[in-house]
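Visitor: Would you mind keeping the following structure in view while I ask a few things?
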Amino acid sequence: MDKIIKSISTSGSFRAYVLDCTETVRTAQEKHQTLSSSTVALGRTLIANQILAANQKGNSKVTVKVIGDSSFGHIISVADTKGNVKGYIQNTGVDIKKTATGEVLVGPFMGNGHFVVITDYATGQPYTSTTPLITGEIGEDFAYYLTESEQTPSAVGLNVLLDDEDKVKVAGGFMLQVLPGASDEEISRYEKRIQEMPSISSLLESENHIESLLSAIYGEDDYKRLSEDSLAFYCDCSKERFEAALLTLGTKELQAMKDEDKGVEITCQFCNQTYYFTEEDLEKIINDSIK
């Protein structure tokens with residue numbers, strides 16, 4: 001089961017989130033049938049979104065839009081405070097071969113664009129914040145967003161590793177943030193440790209990557225675990241929700257779907273689930289719309 005562990009240094013100067021998102025990203029790959037580069041790009045976005053949502057409380061939802069001008073197109077993800085995330089990538093078929101070190105290229109196929117975060121506090125007034133893409137690798141873009149938009153210096157590592165058949169082998173990451181009151185000496189020590197830590201890929205490949213990530217982040221500094229929560233790919237779409245959307249269409253358009261198309265099918269962008277509305281279904285919706 002996927003999970004996120006929240007921790008804090010004993011000094012109270014740093015906090016870190018570490019995540020195992022393997023099943024989450026594997027489910028996304030299966031639902032969208034993404035090829036290698038698209039899988040990694042979508043997976044990194046889902047991981048970043050789960051970190052952002054873990055910072056929220058109540059019934060808040062966080063939408064992340066990675067908007068590029070290259071092969072991937074847009075990547076859209078939505079996460080809630082209960083550990084659920086869903087998402088999709090416009091171009092599922094980017095399949096660029098791995099580099100000599102086994103890494104899958106992402107940045108060149110994201111291109112120029114923006115990292116957009118929309119936080120819905122369930123009050124009817126969502127808050128939107130936008131920062132430019134720095135590298136298109138998503139992890140660096142996420143760290144830049146945290147530092148620039150949320151004014152919190154952060155180190156981030158996100159990745160998705162694939163097996164020889166380009167299926168998800170492991171996915172996860174971390175976020176480390178400086179908290180108010182951290183001394184210059186502490187900041188320098190953590191900066192040095194992050195600069196010298198093994199690559200996120202090598203840490204994810206270790207037998208227990210959650211423990212490896214925590215050890216790499218904190219080193220000899222003491223820390224305590226604050227919480228451990230489950231994570232999952234989950235889409236809240238339903239036939240009823242799409243029926244409500246159809247109700248917003250005009251009677252003329254609904255009648256055309258019934259008479260000319262003999263029904264309609266709608267596919268959810270976030271999970272690829274398809275819903276079918278027969279002529280009888282549409283007749284009922286038409287009758288409901290004119291009541």
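Quick reminder: no glycine exception, Cβ is built from N, Cα and C everywhere.
Pulled these features from Swiss-Prot for this protein:
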DISULFID  CYS235-CYS237  disulfide bond
DISULFID  CYS268-CYS271  disulfide bond
Visitor: Name the residues of the same chain, 6+ apart in sequence, whose Cβ is under 8 Å from the Cβ of CYS237 (disulfide bond)?
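Guide: In sequence order, CYS268, PHE270, CYS271, GLN273, TYR275 meet the Cβ cut-off.
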Visitor: Could you tell me which three-state DSSP class CYS268 (disulfide bond) falls into?
Guide: coil
Visitor: What number of additional C-beta atoms lies within 10 angstroms of the C-beta atom of CYS235 (disulfide bond)?
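Guide: So the number of other Cβ atoms within 10 Å of CYS235 (disulfide bond) is 19.
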Visitor: In DSSP terms, helix, strand or coil for CYS237 (disulfide bond)?
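Guide: DSSP call for CYS237 (disulfide bond): coil, neither helix nor strand.
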Visitor: Just to be sure I understand the packing, how many Cβ atoms besides its own are within 10 Å of the Cβ of CYS271 (disulfide bond)?
Guide: 19
